[in-house]
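Novice: Below you'll find the structure I mean.
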Amino acid sequence: MFIEPSIGKKSQHEKKGHIEVICGSMFSGKTEELIRRLNRALIARQKVEIFKPSIDKRYHEFDVVSHNESAIRSTPVNFADDIILLAGDCDVVGIDEVQFFDQQIIHVAAVLANSGKRVIMAGLDMDFEGKPFDPMPQLLAIAEYVTKVHAICMKCGDLASYSFRLSDAKEKVMVGEKESYEARCRKCFLEDKK
Ligand SMILES: [Zn+2]
């Protein structure tokens, strides 16, 4: 389990920012892990702000909601740059569904961390074809701490790291409902891939 390298109030002089990325397939518990870290930061009396791309309107507009229904209020934003303006003087910036932002999010994450903030991002590392989901590879490269979480293959019960799309839709971004995707291991993903 991820343990914070440092947490709690620090003077402006001591503040050192860093980047954490939580990645994995659908149903792997990425958002739950993001919420766990943000809740711990709140207990440590850190000022926390949470953002997500406004494309993800599956659930409540202002909540980061995970499949197990633990929720934290979040702000939907249209552009990655908006996060810099809205983050203000907070200590910790959480970003969910980060794979839906464009390449500008790489710059934004660096600017926030360079200014002394702890940046925690959660996102899909591969698309439904099993290809790296931009801009995740670049975010993984610039992060100090990377956590890959795994789901359980819905076909065989092994560890799963692929998101298998059950429909024939070909667009890359199809915001997922539970009935449209299954977590799959490599073998079961390849067996049924169209
Ligand atoms: Zn399997």
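Note that the numbers count up from 1, one per residue, in the order the chain is shown.
Just so it is clear, glycine is given a Cβ too, placed from its N, Cα and C backbone atoms.
Checked TrEMBL, it gives:
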BINDING   GLY24, SER25, MET26, PHE27, SER28, GLY29, LYS30, THR31, ASP96, GLU97, VAL98, GLN99  ATP binding site
ACT_SITE  GLU97  active site, proton acceptor
BINDING   CYS153, CYS156, CYS185, CYS188  Zn(2+) binding site
BINDING   VAL173, MET174, VAL175, GLY176, TYR181  substrate binding site
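A description of the local structural setting of each listed feature is requested, covering burial, neighbours and distances.
Specialist: Neighbour count (other Cβ atoms within 10 Å of the Cβ, all protein chains): 23 for GLU97 (active site, proton acceptor). The secondary structure of GLU97 (active site, proton acceptor), as reduced to three states from DSSP, is coil rather than helix or strand.
Around the Cβ of CYS153 (Zn(2+) binding site), the number of neighbouring Cβ atoms within 10 Å comes to 22.
For the recorded site, TYR181 (substrate binding site), the DSSP three-state label reads strand.
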Novice: Looking only at C-alpha atoms, tell me how far CYS156 (Zn(2+) binding site) is from ASP96 (ATP binding site), rounded to the nearest Å.
Specialist: 29
Novice: Helix, strand or coil at CYS188 (Zn(2+) binding site), per DSSP?
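Specialist: In three-state terms, CYS188 (Zn(2+) binding site) counts as helix.
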Novice: How long is the line from the C-alpha of LYS30 (ATP binding site) to the C-alpha of TYR181 (substrate binding site), rounded to the nearest angstrom?
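Specialist: With distance taken Cα to Cα, TYR181 (substrate binding site) is 16 Å from LYS30 (ATP binding site).
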Novice: Consider the recorded positions GLU97, CYS153, TYR181, CYS185, CYS188 and say which one has the Cα lying nearest the Cα of MET26 (ATP binding site).
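Specialist: Result for MET26 (ATP binding site): the nearest of the recorded positions is TYR181.
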Novice: Determine, from DSSP, whether GLY24 (ATP binding site) sits in helix, strand or coil.
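Specialist: It is in a strand.
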